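Q: Sharing a structure below in structure tokens format, with a few things to ask.
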Amino acid sequence: MTQDPYEILGVSRDASADEIKKAYRRLARQLHPDVNPDPETQDRFKDVSRAYEVLSDPAKRQAYDRGGDAFGQGFGGAGQGFSFTDIMDAFFGGGAAGAGGQNRGPRSRARRGQDALIRLDVSLAEAAFGVTRELKVDTALTCEACEGKGTAPGTSPVTCETCHGQGEVAVVQRSFLGEIRTLRPCAACRGYGSVIPDPCRECSGDGRVRSRRTLTVKIPAGVDMGTRVQLTGQGEVGPGGGPAGDLYVEIHVEPHATFTRHGNDLHTTVTLPMTAAALGTQLTLPLLEADLERSEDAGDGEDAGTVTTFDLDVRPGTQSGSEQVIKGFGVPSLRGGRGDLVVSVRVDTPTRLDPRQEELLRELAAIRGEETPDGRVQAPHKSMFGRLRDAFQGG
Ligand SMILES: [Zn+2]
Ligand SMILES: [Zn+2]
């Protein structure tokens, strides 16, 4: 019989509190004594209940994750975590707060920490091909002096005298209908059922301290502006040694000198002399991969065989404003595949002609019958946006 509470409940090690609760409810419904009283099933029900007791309590779960014995101690202790309410929830549904809208008994000092968000500036090539970066992160970490317990060395929390460890006190109000008795969280211990008489000096009893550390983060190929990379359990540690939240690294891509990105396509513009556009030529175009050779901390995309240039054939008679699509030389997609590289051509008309050049051009114009051209009159060139607008307006 396994002693691993994750295995007993059939959940993964990074299962959320909600997933654990759902798994427990499902098993409790099958194994509960009222449903299935045979002894073997009852042994399983006990195991499932114990497993849930450990995994539903952040402090116990973290203790187990750190290599502690899940069931060796604490079971049946202060009556924390596992409660009648959870059994009722398993059968009758109900929210996380339980049937009465309130948990019974003292609450745990350990709570899950908050998620943290940091921004990371990367180059376009790093976003496209992935990069491994060292990040300085400021978050709350478990206090080493007290191991998250919040107590000074050699001391421990004592039972609250006001509520006798219950974490809540009965408030009685008299009304013409008689006495109304309600339970409120105990103010003396803030509902914990115990007080820390001698708080740890390092963390003032919070169980955690702020600290700066360096994390190595692998950014996958294909991220874009605003993509958030999740690092599970690297956020803020919770109070009372509670489990840490997650850290999100939000990608910010720096603009590139020659490429702009549209989805997974890259766009660039090449400027050609008028003669080359007319006669045709071959160009060596630097690809985005060329940036990887320059950066020292480049990601996985780089190896000795990486192609960094593309030989572009410019056909004779290429028009200014025309585009050539080079398939598969855009940005790799997070889901696999790669976008295209779109090269726009701009034809450069010469501005200063010496007498010999002017003579040659005039001669060419004469041969082509272009000495007094009419110029072709036509409707203004419509952009994609203009065509869409016309489509919507029925124009
Ligand atoms: Zn401490
Ligand atoms: Zn109290």
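The backbone N, Cα and C atoms fix where each Cβ goes, and this holds for glycine too.
From TrEMBL, here are the annotated features:
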BINDING   Cys143, Cys146, Cys200, Cys203  Zn(2+) 1 binding site
DOMAIN    4-68  domain 'J'
DOMAIN    130-212  domain 'CR-type'
REPEAT    143-150  repeat 'CXXCXGXG motif'
REPEAT    160-167  repeat 'CXXCXGXG motif'
REPEAT    186-193  repeat 'CXXCXGXG motif'
REPEAT    200-207  repeat 'CXXCXGXG motif'
ZN_FING   130-212  zinc finger
Q: Given a Cβ distance threshold of under 8 angstroms, which distant residues of the chain, six or more beyond its ends, lie next to the repeat 'CXXCXGXG motif' (200-207)?
A: 109-110, 142-146, 148-153, 239-242
Q: Would you mind splitting the domain 'CR-type' (130-212) into helix, strand and coil residue counts from DSSP?
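A: Final tally across the stretch: 0 helix, 39 strand, 44 coil.
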Q: So what pLDDT does the zinc finger (130-212) average out to?
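A: When the pLDDT values over the zinc finger (130-212) are averaged, the result is 90.
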Q: Excluding Cys143, Cys146, Cys200, Cys203 themselves, which residues in that chain have a Cβ inside 8 Å of the centre of the Cβ atoms defining the Zn(2+) 1 site?
A: Glu144, Ala145, Glu147, Gly148, Lys149, Gly150, Thr151, Pro199, Arg201, Glu202, Ser204, Gly205, Asp206, Gly207, Arg208, Val209
Q: Using a Cβ cut-off under 8 Å and a sequence separation of 6 or more, which residues in the same chain sit near Cys143 (Zn(2+) 1 binding site)?
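A: When sequence neighbours closer than 6 are ignored, Cys143 (Zn(2+) 1 binding site) has Gly150, Cys200, Glu202, Cys203, Asp206, Gly207, Arg208, Val209 within Cβ distance under 8 Å.
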Q: Quick one: DSSP breakdown of the domain 'J' (4-68) into helix, strand and coil?
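A: Counting residues per DSSP class in the domain 'J' (4-68), I get 45 helix, 0 strand, 20 coil.
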